[in-house]
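According to Swiss-Prot:
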- C108, C118, C121: [4Fe-4S] cluster binding site (BINDING)
- K173, E485, L486, H487, V488, F508, G509, T510, Y541: acetyl-CoA binding site (BINDING)
- K453: ubiquitin cross-link (CROSSLNK)
- 91-381: domain 'Radical SAM core' (DOMAIN)
- 405-557: domain 'N-acetyltransferase' (DOMAIN)
Amino acid sequence: MARHGKGPKTNKKKLAPEKERFIQCCADITLELTDSLTSGTTREINLNGLITKYSKKYKLKQQPRLTDIINSIPDQYKKYLLPKLKAKPVRTASGIAVVAVMCKPHRCPHIAYTGNICVYCPGGPDSDFEYSTQSYTGYEPTSMRAIRARYDPYEQARGRVEQLKQLGHSIDKVEYVLMGGTFMSLPKEYREDFIVKLHNALSGFNGNDIDEAILYSQQSLTKCVGITIETRPDYCTQTHLDDMLKYGCTRLEIGVQSLYEDVARDTNRGHTVRSVCETFAVSKDAGYKVVSHMMPDLPNVGMERDIEQFKEYFENPDFRTDGLKIYPTLVIRGTGLYELWKTGRYKSYSANALVDLVARILALVPPWTRIYRVQRDIPMPLVTSGVDNGNLRELALARMKDLGTTCRDVRTREVGIQEVHHKVQPDQVELIRRDYYANGGWETFLSYEDPKKDILIGLLRLRKASKKYTYRKEFTSQRTSIVRELHVYGSVVPLHSRDPRKFQHQGFGTLLMEEAERIAKEEHGSEKISVISGVGVRNYYGKLGYELDGPYMSKRI
């Protein structure tokens, strides 16, 4: 009897469950990766290509993420494959994993005496952007992580360290950057609790005492090699500097924004440019590395005045900081500047003019200064007027190439960055010395470089402090020279291990310290040399004969 209503038989193979196919896909990708190691091929691994190929093969609804691939790699291969796979290798190309954290939202301290916040400043408790900190919108990656963690420092730090670890980065050395308004204007109890939790997040200690937390952090496997605190000149007095030294802070980021007194007054900064110069000098004489924030394209400035102020910044010894963040002015809703823009009293530079300006600024940068950032992390849809492109530094460097100029700042020349972007390795490395006068003191910038390829491997900043601004008893009791920074670049190499292809832990740091000691003794006439050291690096200096001296590591010479 014939069957009715039945179609022709199909050979369609029934698919295995999604989870099973997902595991099989990860296994196949891992097999290809391990095969590339054992076969000895030197070709680059195209991980995205492999993920697309096998996701198609197994008809997956969702592709595996990098963390899924890393988790499926056998332990014996991880050591060799992780450096090739890590997401955003620039994150640790400078030799340190930077972890940004935010303090709780609070009002700007200068409202009390100026009556309002700066005209360009978004965010804060009274802004359109609820639950965001001062000068942030709440939509930057760091802000969103902070909001998810309800501004709990422990949760923020732990979460970010784990995230970097999952993405294949070495988190052996961590530097905290403390953002979110003027941290030093918050109550002392809150500040100390915040810092304790940051140290505890690395060491696993759960006490509340700051000195104890720092002792445990010193011995932790994940070392805190430095803390950066954002502040203002009026919250950078000797008392504030002493507190920050106690926290383990090694670098200050000071908001300057403009070198013109009239612009500082009109934008409602709440401090003078003269106070900025004094802050730089006192901070450097206390051993800190100093980075400042500058904003081109502010109201009533114009292109010529902008270029002039950056020339002044790099040439005038009263400024000349170790680092700089260039933040072109952005018009964001809810700010005083937005009202000026809306009524036609403020107009931003065109995109082309801004690229031109940044290119001209970068051409002025001396080789001892590091340009940390060239624009804010604020998402483009929130920007009403200002920067149109998310890759301003890249565009400016391309413009410089067209104009026949080069950027010789520290970041552009770092060996790790050169490796990531240009696959360039140094050949002949030699010690180079540059001396300059800044903020009342004699600065010596020592570095190991390949002068032919213009690649920087390591640097040391040595200072003979000024008599006028030195106030710390560790420095006034006898003639002292200060090492404000020692940094060997190249991708992070875990402490206690060596990788002959990387530049960390190859002895460059020790050689730089030996030369600094010689200069301090023979040229400065110092009896002692002190280092401002991150909590987790104190043991390194201990091996070089240094002893704890207040918050510093010191040695008689």
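Backbone N, Cα and C define each Cβ position, glycine as well.
As the structure is a computational prediction, the values presented were derived from the model and not from experiment.
Shown here: features listed in Swiss-Prot, placed on the structure.
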residue	record	contacts (Cβ under 8 Å, 6+ apart)
C108	[4Fe-4S] cluster binding site	I117, C118, C121, G124, Q134, G181, T182
L486	acetyl-CoA binding site	G458, L459, L460, R461, G509, L512, M513, V531
Y541	acetyl-CoA binding site	V531, S533, M553
*the domain 'Radical SAM core' (91-381): mean pLDDT?*
92
*Determine the Cβ neighbour count for C121 ([4Fe-4S] cluster binding site): the number of other Cβ atoms within 10 Å of its Cβ.*
22
*For the recorded positions K173, K453, which Cβ has the most other Cβ atoms within 10 Å, all shown protein chains included?*
K173
*For the binding-site residues C118, V488, the one whose C-beta sees the most other C-beta atoms within 10 angstroms*: V488
*For G509 (acetyl-CoA binding site), just give me the three-state DSSP call.*
helix
*For C108 ([4Fe-4S] cluster binding site), what is the secondary structure by DSSP, using just helix, strand and coil?*
coil
*Per DSSP, three-state class assigned to V488 (acetyl-CoA binding site)*: strand
*Near the Cβ of G509 (acetyl-CoA binding site), how many other Cβ atoms are there if near means within 10 Å?*
21
*Whole-number Å only: compute the distance from the Cα of K453 (ubiquitin cross-link) to the Cα of V488 (acetyl-CoA binding site).*
17
